[in-house]
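Residues annotated as active site, proton donor in TrEMBL: H110. The N(1)-(5-phospho-beta-D-ribosyl)glycinamide binding site annotation in TrEMBL covers G13, S14, N15. The (6R)-10-formyltetrahydrofolate binding site annotation in TrEMBL covers K66, M91, R92, L93, I94, N108. The domain 'Formyl transferase N-terminal' annotation in TrEMBL covers 4-183. Marked as site 'Raises pKa of active site His' by TrEMBL: D146.
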Amino acid sequence: MSNKIAVFASGTGSNFDAIMEACDKGTLNADVTLLVSDKINAAVIEKAQKRNVDTVVFNPKSFENKAEFEKALLADCQARDVEWIILAGYMRLIGSTLLEAYPKRIINIHPSLLPAFPGKDAIGQAIDKKVKVTGVTVHFVDDGMDTGPIIAQEALSISEEDTKDEVRRKIQAVEHQLYPQVIQSLLIKEEAK
Ligand code: GRF
């Protein structure tokens, strides 16, 4: 039986695509039943629609507070029997409503070797520090900014000659392999429990 997952994303959606491709290939035994976005113009929305994935696009400003919009998102997830929430470029902190409903079931991918360079523009932060090695981290989500327990990391070398776009391309190539693999290994572990 495949596991029902929701992807939350605010941007381009290259990780969303990588997850969908892994599902198509059968290397990820999951069914993406929902795409949630907080950005009305996010490119990921069209990607989801093309693949006939239900989309929920919300404007946080039309809710009184985070708890209110998370209650609505929780209802959207529960209506589709979502078991895991996969953040893929979702640019908001997750609040207690979703964290309590999905304990250790919300996962994020971040473009640095955490705990180095949390928050926004991790790639720019790494370049500014002239690091020689950076990478990708997949972690459980808690109430902090990229602070939850680390599940997997992959390092890669960068050089001073690399432009920011080149570093981003290297990082995303790693992300697109790593994220579906890590999600699959979590699903297998959970099934074995
Ligand atoms: C990824 O680099 C991810 O690490 C970060 O946001 C970016 C999303 O990219 N959290 P995309 O929208 O999946 O292309």
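Positions of Cβ are set from backbone N, Cα and C atoms, glycine also.
Predicted automatically and left uncurated, TrEMBL annotations should be read as such.
DSSP assigns N108 ((6R)-10-formyltetrahydrofolate binding site) to a strand segment in the three-state reduction.
Listed in chain order, the residues near the N(1)-(5-phospho-beta-D-ribosyl)glycinamide site other than G13, S14, N15 are A9, G11, T12, F16, D17, A18, V44, K47, A88, G89, Q172, H176, each with its Cβ within 8 Å of the site Cβ centroid. Screening the recorded positions G13, S14, N15, M91, D146 for a C-beta under 6 A from any atom of ligand 1 leaves G13, S14, N15. Each residue contributes its Cα atom, and for N15 (N(1)-(5-phospho-beta-D-ribosyl)glycinamide binding site) and the residue listed as 'active site, proton donor' these two points are 11 Å apart.
Each of the recorded positions R92, H110 was ranked by the number of other C-beta atoms within 10 Å, and first place falls to H110. Classification of S14 (N(1)-(5-phospho-beta-D-ribosyl)glycinamide binding site) by DSSP places it within a helix.
In sequence order, P60, G95, T97 constitute the residues six or more apart from K66 ((6R)-10-formyltetrahydrofolate binding site) in its chain with CB-CB distances below 8 Å. Sorted by the number of other CB atoms within 10 A, the binding-site residues S14, N15, N108 start with S14, the lowest. If you take the Cα of M91 ((6R)-10-formyltetrahydrofolate binding site) and the Cα of G13 (N(1)-(5-phospho-beta-D-ribosyl)glycinamide binding site), they are about 12 angstrom apart, rounded to a whole number.
Counting every protein chain shown, 22 other Cβ atoms lie within 10 Å of the Cβ of I94 ((6R)-10-formyltetrahydrofolate binding site). Across the annotated binding residues for (6R)-10-formyltetrahydrofolate (K66, M91, R92, L93, I94, N108), the two most widely spaced Cα atoms sit 19 Å apart. Close to N108 ((6R)-10-formyltetrahydrofolate binding site), meaning Cα to Cα within 10 A, are the following recorded positions out of G13, S14, D146: D146.
Around the Cβ of G13 (N(1)-(5-phospho-beta-D-ribosyl)glycinamide binding site), the same chain contributes A42, A43, V44, I45, K47, A48, A88, G89, each under 8 angstroms and 6 or more positions distant in sequence. Counting only same-chain residues at least 6 apart in sequence, those with a Cβ under 8 Å from the Cβ of L93 ((6R)-10-formyltetrahydrofolate binding site) are D143, G144, M145.
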